[in-house]
Amino acid sequence: MSVVRWPRVLTPSLLSQILKKQKNPVTALKLFEEAKERFPSYGHNGSVYATMIDILGKSNRVLEMKYVIERMKEDSCECKDSVFASVIRTFSRAGRLEDAISLFKSLHEFNCVNWSLSFDTLLQEMVKESELEAACHIFRKYCYGWEVNSRITALNLLMKVLCQVNRSDLASQVFQEMNYQGCYPDRDSYRILMKGFCLEGKLEEATHLLYSMFWRISQKGSGEDIVVYRILLDALCDAGEVDDAIEILGKILRKGLKAPKRCYHHIEAGHWESSSEGIERVKRLLTETLIRGAIPCLDSYSAMATDLFEEGKLVEGEEVLLAMRSKGFEPTPFIYGAKVKALCRAGKLKEAVSVINKEMMQGHCLPTVGVYNVLIKGLCDDGKSMEAVGYLKKMSKQVSCVANEETYQTLVDGLCRDGQFLEASQVMEEMLIKSHFPGVETYHMMIKGLCDMDRRYEAVMWLEEMVSQDMVPESSVWKALAESVCFCAIDVVEILEHLISSKR
């Protein structure tokens, strides 16, 4: 029987709204099927299929998702490339990379004219699973097709993989061949190859690469360029070639940044300490000089700050924030997120909390769900999941900041790891109400934890919820429940009645 009040006239947008409101993905699929029976003149479009596929993918219901994808192919409705990219990620996450490859190879059977995002996503997932040879085969076979209208992301990925296995020589060949592929190296291309050269100690090649930037892509004072320049300068300093680094800095300031002379920092060649502390000091001075030489703009400061924070260079990153504020720019949520992440990695949780509670408020910048998620993960990883729950409550009171699946999943996993199963149960209940679906492992962890706490009725309720979603509990879950029954006078018949009624 239907669980919704159907409208007199059904449209795809109305059905999408109905499906999104369903707590159970199985129920959503039944309504999806029922729609055509109730409304003979109605037809699903690409948007409805995308909604249904997204719901099934997020709940890891791979078989049902494959069924809906097959239906979408039969209906021949227009499909977005982003839908297939999402499905490819879902297949990979479920350990079914072969299904992802098979789907991509069959895209010509769907009404989809652009495969660029799916192509890039598949290659990324194959590289992640160390399927390098197969990824190269896919690249060679499909990179020239008209469906893939941009190859720069795939080529950058190929260069990155080659550099990771210390084959910057091959990555350099890919870089040089880009023009023949109908694309042009971007800053990411230069950054990847520069890092590859420097990691292998090929500083001469890295220097020539930097010079080529001056006339190929560099813009006056661009902070995005500084990210690449700094890789070489740091590598030269680490190799003890500080004098060369200072000389190249001068060329960067004159040709790359075209900075005024007042921005030149007084670092004289030969006047530096050869100790590790001395070299680190020179590196900091070089970075400060680059920051001063950049043309003040939000994009430049953002690129420099996030790059430094990603490398864990908190002091230098903070100097960028001070510089941008002095020029009248305020850090964005993206920059704050990078700073919070760096602080959490460094174990400085108090400072990370202060960024959200104090620094962002003073800068009149409201935290986004992304910033909150970074802090919540940092707190949970440090065993402070109960403190992290407070930020879920804080998000609910903030306008236009809605907790997403990552928020809930991180909190539930963190609370369970800390043995806070009752609190985890409450968060997971809210998670389901918001139509975010935990995975099988989360249910297993929750049920076994509640049994260990002698909270059998709550455990049974989650088992009932699990079974209602057609999930099959593993043997250890049944064992935990059986042991709980044996040690306490709980009615076994009552448990069975719960499970039987949930399947009706």
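Each Cβ is built from the backbone N, Cα and C atoms, and glycine gets one as well.
Small disclaimer: the values here were computed from a predicted structure and weren't measured.
Residues of the same chain lying 6 or more positions beyond the ends of the repeat 'PPR 1' (45-79) and with a Cβ under 8 Å from any Cβ of it are 12-13, 15-16, 19-20, 22, 25-26, 28-29, 32, 86-87, 90-91, 93-94, 96, 99, 103, 109-112, 405, 435-437, 439-440, 469-470. What Swiss-Prot lists as repeat 'PPR 1' is 45-79.
Same-chain residues lying 6 or more positions outside the repeat 'PPR 2' (80-114) and placing a CB less than 8 Å from one of its CB atoms are 46, 49-50, 53-54, 57, 60, 62, 65-66, 69, 72-73, 120-122, 125-126, 128-129, 131, 134, 138, 142, 147, 149. Summarising the annotation, Swiss-Prot assigns repeat 'PPR 2' to 80-114.
Taken from Swiss-Prot, the feature repeat 'PPR 3' applies to 115-145. With a threshold of 8 Å between CB atoms, the same-chain residues lying at least 6 positions outside the repeat 'PPR 3' (115-145) that come near it are 81-82, 84-85, 88-89, 92, 97, 100-101, 104, 107, 151, 153-154, 157-158, 161, 181.
Annotated repeat 'PPR 4' per Swiss-Prot: 151-185, in sequence order. Using a Cβ-Cβ cut-off under 8 Å and counting only residues 6 or more beyond its ends in the same chain, the repeat 'PPR 4' (151-185) has close neighbours at 116, 119-120, 123-124, 127, 132, 135-136, 139, 143, 192-193, 195-197, 199-200, 202, 205, 216-217.
The repeat 'PPR 5' annotation in Swiss-Prot covers 186-216. Summed and averaged per residue, pLDDT over the repeat 'PPR 5' (186-216) gives 91.
Marked as repeat 'PPR 6' by Swiss-Prot: 225-259.
Swiss-Prot lists 260-296 with the feature repeat 'PPR 7'.
Mapped onto DSSP helix, strand and coil, the repeat 'PPR 8' (297-331) counts 26 helix, 0 strand, 9 coil. Sequence annotations record features per position, and here Swiss-Prot assigns repeat 'PPR 8' to 297-331.
What Swiss-Prot records for 332-367 is repeat 'PPR 9'. For the repeat 'PPR 9' (332-367), the list of distant contacts is 298, 301-302, 305-306, 309-310, 312, 314, 317, 321, 374-375, 377-379, 381-382, 384, 391, 398, 401: same-chain residues at least six beyond its ends, Cβ to Cβ under 8 Å.
According to Swiss-Prot, the feature repeat 'PPR 10' maps to 368-398.
Through the fold, the repeat 'PPR 11' (404-438) approaches residues 20-23, 25, 55, 58-60, 369, 372-373, 376-377, 379-381, 383, 385-386, 388-389, 392, 395, 445-446, 449-450, 452-453, 455, 458, 462, 465, 469 of its own chain, all at least 6 residues removed from its boundaries and within a Cβ separation under 8 Å. What Swiss-Prot lists as repeat 'PPR 11' is 404-438.
Among the features that Swiss-Prot reports, repeat 'PPR 12' is placed at 439-473. Residues of the repeat 'PPR 12' (439-473) grouped by DSSP class, helix first, strand second and coil last, total 26 helix, 0 strand, 9 coil.
Only residues 6 or more beyond the boundaries of the repeat 'PPR 10' (368-398), in the same chain, are considered here, and those with a CB under 8 A from a CB of the stretch are 333-334, 336-337, 340-341, 343-345, 347, 349, 352-353, 356, 360, 404, 406-408, 410-411, 413-415, 417-418, 420, 423, 427. When DSSP labels each residue, the repeat 'PPR 10' (368-398) comes out as 26 helix, 0 strand, 5 coil, counted as helix, strand and coil in that order. In terms of DSSP helix, strand and coil, the repeat 'PPR 9' (332-367) has 27 helix, 0 strand, 9 coil. Counting residue by residue with DSSP, the repeat 'PPR 4' (151-185) contains 27 helix, 0 strand, 8 coil.
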